[in-house]
Every structure is written in C-alpha cells, then in structure tokens.
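For reference, Swiss-Prot has these:
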| type | residues | note |
| --- | --- | --- |
| BINDING | Gly10, Gln11, Pro12, Asn13, Val14, Gly15, Lys16, Ser17 | GTP 1 binding site |
| BINDING | Gly35, Val36, Thr37, Val38, Asp39 | GTP 2 binding site |
| BINDING | Asp56, Leu57, Pro58, Gly59 | GTP 3 binding site |
| BINDING | Asn116, Met117, Trp118, Asp119, Ser145, Ala146, Arg147 | GTP binding site |
| DOMAIN | 3-168 | domain 'FeoB-type G' |
| TRANSMEM | 226-246 | transmembrane segment |
| TRANSMEM | 279-299 | transmembrane segment |
| TRANSMEM | 361-381 | transmembrane segment |
| TRANSMEM | 388-408 | transmembrane segment |
| TRANSMEM | 447-467 | transmembrane segment |
| TRANSMEM | 541-561 | transmembrane segment |
| TRANSMEM | 586-606 | transmembrane segment |
| TRANSMEM | 615-635 | transmembrane segment |
Amino acid sequence: MKEIIVALVGQPNVGKSSLINALSNAHLKVGNFAGVTVDKMEVSLIHKDHQITIIDLPGTYALNDFTTEEKVTKDFLEKGQYDLILNVVDSTNLERNLALSAQLLDTNKKMLLALNMWDEAKKEGININTEKLSQELGVVCVPTSARSKEDRLNTELLLDEIVRLYSQNTTNNENIKVPSQSFKESLKYSQSAQRIAKSVISENKQNASFEHTYKIDKILMHQRYGIFIFLGFMFIIFSLSFLIGGGVQKALEEGFKILSDSIKENVANEDLASLVGDGIIGGVGATVSFLPLIVVLYFGISLLETTGYMSRVAFLLDGILHKFGLHGKSFIPLITGFGCSVPAYMATRTLQNYNERLITLFVIGFMSCSARLPIYVLFVGSFFPSSSAGFVLFCIYILGAVVALVMAKLLKLSVFKGQTESFIMEMPKYRFPSWRMVYFSIYTKSLSYLKKAGTYILVGAILIWFMSQYPKNDAAMKTYKQESLLVQKNANLSSEAKEEKLKELKTELDKKNLKNSVVGRGGAYLEKVFNPMDFDWRLSVSLVTGFMAKEVVVSTLGVLFSLGDQNEKSDAFREIIRKEVSVPSGIAFIVFVMFYIPCFAATITFGREAGGIKFVAYLFIFTTVVAYAFSLIAFYATQILV
C-alpha cells in the first residue's frame, strides 16, 4: 500500500481543522478564531488502496517567520517530507487567501486547492468560476464544505484528486525554497491575488450576514457594556456548571460512597478492602464524580468559541490588556487556560513580541484550568450554601484573572520591559455553532479527563494508599489488641456497646497508623511549612501530590480523609472537609491552589515554550511566592471577617 503525505496549508480561520475532521473523522480542535492549530498535527486514513497521511500545519497569512506558528509552517514546507500541498482557502474571502496560494505555487510542489466554506459563499451571493480559477493557477480547484455532516461537499472527490495528483508523473521539486517576503515580493503576490480574484468572482452579494454581524456587534462589542456582557456570559456558564453539573456530581459521589462501603463490608481481607474501597474507589471516584461540572463548563466555552465571539472579546479587551503589559492576542491563550494550561502555553506562539509572549506564559497558570474545578467545587460546597456556590465559583475565576493582570503588570515593569506591539486581527463572521463540533470538543476533553482518572490518577491513588498504610505502628497495634480483648470480655457492656467501642478503638488505631506512615511522617514536615495558614498534614500532602496533576489533589484528600473514618454512617466528603478544616484554612487552601505551579505536563510545556529549564525554575519560585502570599492574606482576612 502506497503512502501519500499531504501538507495541509491555509490562512487562519479557513476551516482547515474542520476539513481534516470531515476527511478522516478525526477530532481535531476547531474554533472560530485564529490560532487554533499551533503545531503540526497529523491524521491518517485509507482511500482506494492508498494510506493518506494529512499533516495539518498552523495557519499562516504568508510564508514568513514572524511568529512561531508561521515558522513551523515555513520550516516544514522547506525541510519536511511530503508529496503534495493541499491549500485550503476561504471561498468568502478569496482575494486575501490567494496571496498565500501564489506563494505556495512558487515552491513548485504538487498542489491542490480546496475552496472551503463553499456553502457560505453561495449564501452570500459569491459565485466562483472554478474552471477559470484552475486555469489561472494551473492546479485543480475543488469546492468543499466541511462544517457539518449534513452540509459536507466533495470530501470524497477531494480524496480522489489527492490520489490522482500523486499518481501523475510530474516530478516534485526536491529542493524547496520558500519565496522571500520583501515588500516588493509581498506586493507582487497581493496584486496577483487581486487580479485573479477579480477575473473569477461574480457577486450578487447578500448583505444579510454582514448586517446581522453589525447589529450583534453593536450590542456585544459596545465600548462601555461589552466587557460586562462577556462577564455575564462567563457567570452564566459557571452558575450552570454548579447548578446542572452539581446535582449529577452529588449523585455520583453518593454512588461511589455506597460502592466503597459495600466493598469494605463484604471483602474479608481488611487491607484489600481498604485498598479497593478507600484507595481506588475513594481516590478515583472522588475525581470522576466531578466530570459533569467540567462537561457543562466545556460546553459553554465551546459555544463561545465556535460562534466567533471569542475573537471579538480579544479585540474588546486589547486596550485593558495593553495597560497591564499584555497583548490582545494574549486573550486566546489566557481563555484557553480555563480548559487546560498545556494548549494555552502552546497558543502563545501567535504572539510576535518576545517579552509579551513570556509575560503571557508566566501568568497563564493563574487562569484556573478545569483540573482545579473539582477542588473548588469540593471546598466551595463545604463552606458556602448551594444558592451562592455558583457566584463564589465565578468570583474565584475572576480573582484569578485579576491577579494574572496585576502580576503581568509587575513583570512588565520589572523584568520584561520594552515596547508593545500593535494589535491587528481578523474578525470572523458570526456563525451558528456546529453541534457536531461542540460535541466532539466536549467528548475529546471528557475522554482525556477520564483517561487521567484511569491511569496516573489511579496509580497516584494506589501509591498514596500504600504510603498512608505503611509502616504500621506496632505499639499502637499491640495496645489495640489488648484493649479490644478487654472490651470483648467485659460482661457489663451490651453487644451494641461493645461494637461501638470496638469501632472507636479501630478508628483510633487507623489514625495512629496514618500518622506513623510514610505520608504521615512526610506530612508532619510539610505541615510546618504551611502552618501559618493552619493547613494540616493532609492538606499539605495533597498540594505536593497535586504537582503530578491537579485532579490528584481531590483523590489524595479522598484517600486520606476516608482512612480512619470507619463509621458506616460517616458524612459525605464535603461534611468531612467541613468538620476537619476551618473556614479560614479552607479559603486559604482554595487561594493557594489557584496560584501555585501548574501540573507536571503543563510545566514541561511551559519550559519548552519559554526557552529552557531556567524558566521552569523561575516559574516555580514566582508561582510559589504568589500562592503563599495571597493564601496568607486570605487566611487572616477570613479570620477577621468570620
């Protein structure tokens, strides 16, 4: 079977990822804003006895290296191994797109043109003469539409053309040299694109979509109220996360608790019962139960992304962001940080200014990722009534964003000084969300969350259980056996009283074993570090394990708080937290989690994007100092207020 390697190239926001999803049934992230693809991705499919590997390159307006994403595309086209170029253009904005097409033609590589968003062009009254366009460019032009499954157009034909073009005897230029980007060269490509577009386009423009966009923008992009409208949308999303997801989460939590209690009651081997019930079910179950809240959060953000609203918010906030040393383009990485810090760090590649890029990288971690949400929900649910929980959750996220801005300003004034870049961006048209794309966005992120729960969160929970069980406290065990024997021989006690007394002795033994274990001893030292905020050793240990993944914080607490609580009528997880942790300590714990260093995977990505291990060290010091300082302030402020 022959393999065909296709380089997928196009300007930002032309639907490259949507097209590749339609061709291969992949689930690449799709968004109605520039910078969704920030590194090359590849998918493979079989078509007519050929394995077609499509490499989705970052969107670029021209073949230069002003930004990291543009450099990735240029370097691959010059040095990468591929058989042909599939150039995707926006049919509703052909002239601008053809400037890049003209550059690609000058590489003398086999090329195919996909006229994407053909359905939208038709709706807007734009008619493109594909035969004449093919003659002008000397390549086959295929009209395509990939926005939804129902509206797909010519995806099979496009694959046929890829195979046909690959099979042609024309030779490729093996020594690809991307054309220079001097002003004179840029002007030449722009003029060429303008001439070709005029010759192939006949318009009977239907201005309805533009009128609708203008009317919507008059409201959403209002100079005074636009920001408050955006905050309103975010408040609704967080409130619904707690309102809708919270009910399902409580049901799942109760289900896992029943399962855990059942295992501990029916498994004869006490250690095995504790491992499965407290370690695996208590740890992993505590994490999985928060999935419904995360699904609602992902749904809301995906809707805002696919409609094109997020790009407008970037423009709306540009003035504010510049005052704090950031850039309008910083908004997309920052808002992406609400989902996961890893793609957020990678999304900073769209920033051209080195200092602005580094500032954005350093403050992304203050935008609370979805992995922190279960921690917030657990503690907010423990200390605040359900009626106000959504508002408190919203305030947590807003506080994180405000601190990110303040820290960005401090970094700008002290470390990363220099001129700021002007902000020029393309405003995409408002589009009705593709429910299929929204579904796949939620599906892939939820699946990733569950994979974490089933892999290293599971491993982490088991390790925490073992380290919290061993070594045993032999002296306490000896005392327990002696006192248990005395209780059993005491004729003055009823059977019910004996059972209750034995349970109390067992609970006391478990607590002593826990303090004598590896985790207990290590936690005693950590407790001294966090003593000013009155964090006990269990909270302290969970913060350390949270560096592996923030989801592990909840699973660690689930393991440590379930051990030593052998009462079958024990309260739910929130009740245990409320009983064991003071309100000031709980608030301080939330604040520390908000600001301390991201998970291991995100930290590695940060180091790669920032430029080396020294920046990771700077990030650790920076985030730890910020987290400790704000946590301390929150603790004493809450003590005064409560």
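Using N, Cα and C of the backbone, Cβ positions are placed for all residues, glycine too.
Structure coloured by features recorded in Swiss-Prot.
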residue : record             : DSSP (3 states)
Gly10   : GTP 1 binding site : strand
Ser17   : GTP 1 binding site : helix
Leu57   : GTP 3 binding site : coil
Asn116  : GTP binding site   : strand
Ser145  : GTP binding site   : strand
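Using a 10 Å Cα-Cα cut-off around Pro58 (GTP 3 binding site), the binding-site residues Gly10, Gln11, Trp118, Ala146 reduce to Gly10, Gln11. Within the same chain, the transmembrane segment (586-606) packs against the transmembrane segment (388-408): three or more Cβ pairs sit under 8 Å, each pair at least 6 residues apart. Between the transmembrane segment (279-299) and the stretches 226-246, 361-381, 388-408, 447-467, 541-561, Cβ pairs under 8 Å are most numerous for 447-467.
Checking each of the binding-site residues Leu57, Gly59, Asp119, Ala146 against Gly15 (GTP 1 binding site) by C-alpha distance, the shortest gap belongs to Ala146. Excluding Gly10, Gln11, Pro12, Asn13, Val14, Gly15, Lys16, Ser17 themselves, the residues of that chain whose CB lies within 8 A of the CB mean position for the GTP 1 site are, in sequence, Gly59, Val88, Asp90, Asn116. Contact counts against the transmembrane segment (388-408), taken as Cβ pairs under 8 Å, peak for 226-246 among the stretches 226-246, 447-467, 615-635. For Ala146 (GTP binding site), the nearest neighbour among the listed binding-site residues (Gln11, Pro12, Asn13, Val14, Gly59), judged by C-alpha distance, is Val14. When Cβ neighbours within 10 Å are tallied across all protein chains shown, the highest count among the binding-site residues Asn13, Ser17, Asn116 belongs to Asn116. The subset of binding-site residues (Asp56, Gly59, Met117, Trp118, Asp119) lying with their Cα within 10 Å of the Cα of Pro12 (GTP 1 binding site) consists of Gly59, given in sequence order. In sequence order, the binding-site residues near Val14 (GTP 1 binding site) (Cα within 10 Å of its Cα) are Gly59, Asn116, Met117, drawn from Gly59, Asn116, Met117, Trp118, Asp119.
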